[in-house]
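To start, the structure under review is shown below, and the notes come after it.
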Amino acid sequence: MKLSKSTLIATLALTATSTNALVVQNPFSNIQQALKLDLSYDKLTSKLTDTFEQGKANIISTIAKVMNEPLDGLTPEIKNIWSEMLMKFPNSITELNFKAPPKKGKITTQQFDFHVTDAQVPNHKLRIKSTPKDLGIDTVKQYSGYLDVVDEDKHFFYYFFESRNDPKNDPVILWLNGGPGCSSLTGLFFELGPSSIDKNLKPVYNPHSWNANASVIFLDQPINVGYSYSSQSVSNTIAAGKDVYAFLQLFFKNFPEYANLDFHIAGESYAGHYIPAFASEILTHPERNFNLTSVLIGNGLTDPLVQYEYYEPMACGEGGEPSVLEPEECDGMLNSLPRCLSLIESCYESGSVWSCVPATIYCNNGQMGPYQKTGRNVYDIRTMCEGSSLCYSQLEYIDQYLNLPEVKKALGAEVDEYQSCNFDINRNFMFAGDWMKPYQKNVIDLLEKELPVLIYAGDKDFICNWLGNQAWTNRLEWSGSKGFTKAPVKSWKVGKNAAGEVKNYKHFTFLRVFGGGHMVPYDQPENALDMVNRWISGDYKY
């Protein structure tokens, strides 16, 4: 990817971000070469010319207007970071688009079987289509369609599969992929759904699908992700949560046979942001017509301040795999870590984009960049990145399949083109400062309300690695934290085989999955199914 000056920060965001969970497109070394940023900032003041100093305040003020963010509270360190960028290209930084252009779907003459509204979520409508079984994805009852937010022109696509076992009694799971900006249909066809897609673009039955003992909903959110579309834009997790609540309220109104069943929210990667926020939003609605029972987060990004400490240990031989970096590269990561953590702390304290955006840029460059230069898969430390689609060539088959006219017609899809990840959304969230915010606070809220929480992590993932996830769960300050800290780590077995390690106290569980990468159901399908089946049955101790 070539970097123009006018797309500098946008490219930083894209490079710093997402697949199914966090997306990282290109090596960070390219960014630093393009920017030639002095990340130490030690000699910044001496570099700035008098002429530049005169114009700098005006440029920063212009950016503040574009970002709709006041200048109050900027620390000297944060000012220095922005000044470093402005020094390199003072005449062109204001050309940046801090909000990506929305993706507008092509409205077609798709026919839907039902239209559902509810006074509790005004201005929302649910369209439902019975999906033909001869599409070959599964033989169970299945529905697809859209949640429409009429006045705001927002349209969220979903795909529902009934349980293969006992749909009248089995629980319901909502699955969310991350990114931010990646379609949950990736989870469907690549990880845990009823079928995968082969190179001939044909469905292949998955015996380890999570709908073995649960009905599963796959939701494309936020807007402009996957088959979802809008003329609007969204750039933060909290705003997305309100739309997800409206979707669930309407879905369970139309399908009251599922409303009284246990309901779980599961997801991975950036869903470490989504799920705590969405569950917290749901719990503020006592009038809801469904039964939120638990949440499951796999290889998530939830507490960046803790998790960013563990990129160097994971890359440098302390996570269970040999080091993939040279000693001097590991030293470089450690040297940049104190400033990284300081920037994240500023983001936690202020919540301002002025603090949170530089924290993302600096930390991703310093803590992920050296690993990315190796060409290794950020989602599986054991392998090299292959293919053009987020290190897994098979993902290209899914994109091709979901763009087949007959598939789009069968599902009622209303977009010109399906894309597994929308990197404009990724950039929007980054520029809103969402990446580095502390969503572990929402997890505390859930635990105090006695909602069961499972944090699971494949131990071969780099980008949201198990060391960081283990660390933030151990440091989480909630009423049961002392009990959780003292709880023993036990072996988790599937049959007679060791599948991982588990730590539990009351309704909070951390599970390390042996041999799993970022996408545990892809790498360990049988063990992942055992994990979810035991959890939804109420076995929180494993």
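Glycine is treated like the rest: Cβ placed from N, Cα and C.
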What does Swiss-Prot give as the disulfide partner of C340, choosing from C316, C363, C385?
C363
I need the CA-to-CA distance for C316 (disulfide bond) versus C340 (disulfide bond), whole Å please.
18
If you measure from the Cα of C385 (disulfide bond), which of the recorded positions S269, C356, C363 is the nearest?
S269
Could you check which of the recorded positions (N213, C363, C421) sits closest to C347 (disulfide bond), going Cα to Cα?
C363
Report, in whole Å, the straight Cα-to-Cα distance of C340 (disulfide bond) from M519 (substrate binding site).
27
In DSSP terms, helix, strand or coil for C421 (disulfide bond)?
strand
Quick one: pull the CA-CA distance for C340 (disulfide bond) versus C464 (substrate binding site), whole Å only.
17
Considering only the recorded positions N213, C363, C421, H518, which fall within 10 Å of D461 (active site) when distances are taken between Cα atoms?
H518
What is the interatomic distance between the Cα atoms of C182 (disulfide bond) and S269 (active site), given in whole Å?
10
